[in-house]
Structures are given as structure tokens and as C-alpha cells.
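As given in Swiss-Prot:
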| type | residues | note |
| --- | --- | --- |
| BINDING | 58, 59, 123, 154 | [4Fe-4S] cluster binding site |
């Protein structure tokens, strides 16, 4: 027997140890049986999604239109549930406030695994128009719970909701039992940082003491036809000179 010294370590025949784990079961991700079970399990889940409706604002009106006979979302196997313990999908539609945040997190934690989240509407995703000057609006529901599908719009149409459900079904169809522990909700948490621009408070509680209450702006007095007070005229000229200088 002649030994070939040119063979590398990878080309040499590996010695089989009868005590160790069999090679055929070391990597079960490509196993035919588990692949079939995955497909069957995923098909059953994506064909019978039970959503928990968490509507807080006008976006929920569009979802209510989706329940009607015109769009008929029952064809996707969606059955709305009133209890989070019987739901595997939560659809947040509308503005989420700081006072409402603990209740939303509690509902999400009561849902059994696997569970999914659809963020519906601009107010849910980024805070929307309420994120400008509202101190109580949450700037994105992904700061509270992980989101699987983002559905932008103000509000999104029922056709867009159907498209989001189809995308979620495709995502469920690609799940694997071997990877399920690695893509749990806690491991795919996503959050965005929002750069808030500080502005002076509008409501200071000193409206009765404001200067404009006693001395209206010059433009307003000229538009109404009232004579401009000398003190106001003097202050306006002083401000203009300060800006020029």
C-alpha cells in the first residue's frame, strides 16, 4: 500500500467513531422529514392567522373596511380575536401614547409564541403628526415591541393592509424549526433613534400676561384699521434696528 503524501487533511478519509453522534443527523436543516414538517407547520400557521386588533385612531377605520364584504379578509383565514391568549398577530393601528404603552406591552406578552406584529400607519411607525409637539406620543411602536411588517400611510388603504398580510404570510412560510430559537422576538428587536428638535413651550400658562394681549402686533392693527400705539411703534422700530445692527 502506497501512501499519498500530497493529500491534504480535508481530502483524507475521516475515521468514523461509533460512539459519537451520527453524521447524518448532525445537520438536520436539510433533512427531508423536518423540511416537510416545517412546510406543513408553516402552512397551517399562515393559513389561520388570528389577529388581535389594537385600534386607537383613524387607521382602524380602514381596517374596519377590510372586514366588510368588499375586501373579505376571511379568505386569508383571519379570525379576529378579543383575547390575546388566542391571537398570534397583533395589528397596532393608530397613535400610541405613553399612558397606553404598558397595556400594549402587556397584551403582547400575553400572546403565545410564535407571534407577529404589524405596525399600521405613520402614527404607529414614527409618531406621525403627533410627534411634532406632543409630549405623550410614542415615536414608533418598535420602541415597545418588535415589529415584523411596517405598513406606512395616513391612513393606509385596505389594499395596502392585504399586501402587508401577504408579506407576513411569505415570511412565515420561510420559518425553520432549527432557526426558530435564533429569530425569536427578543433577538430581532429593532428600534430607531429619533432626533428631536427642542422648541420653546407654546402653552406656558401666562397667556393673560402676554405682551400681545395688551399690545397687538403691528400687522394686525394695520389690517384691522386701528391706529398703532406709539409704544408699540417704538418697540417695533427698536427691534428692527437691533436686527439690522
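For all residues, glycine too, the Cβ spot is worked out from N, Cα and C.
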Lowest local Cβ density among 58, 59, 123, 154, which the record lists as binding-site residues, within 10 Å: 154
Structural state of residue 58 ([4Fe-4S] cluster binding site), classified by DSSP into three states: coil
Any further residue of that chain within 8 Å (Cβ to the Cβ centroid of 58, 59, 123, 154) of the recorded [4Fe-4S] cluster site: 57, 93, 94, 95, 121, 122, 124, 128, 153, 155
Collapsed DSSP category at residue 154 ([4Fe-4S] cluster binding site): coil
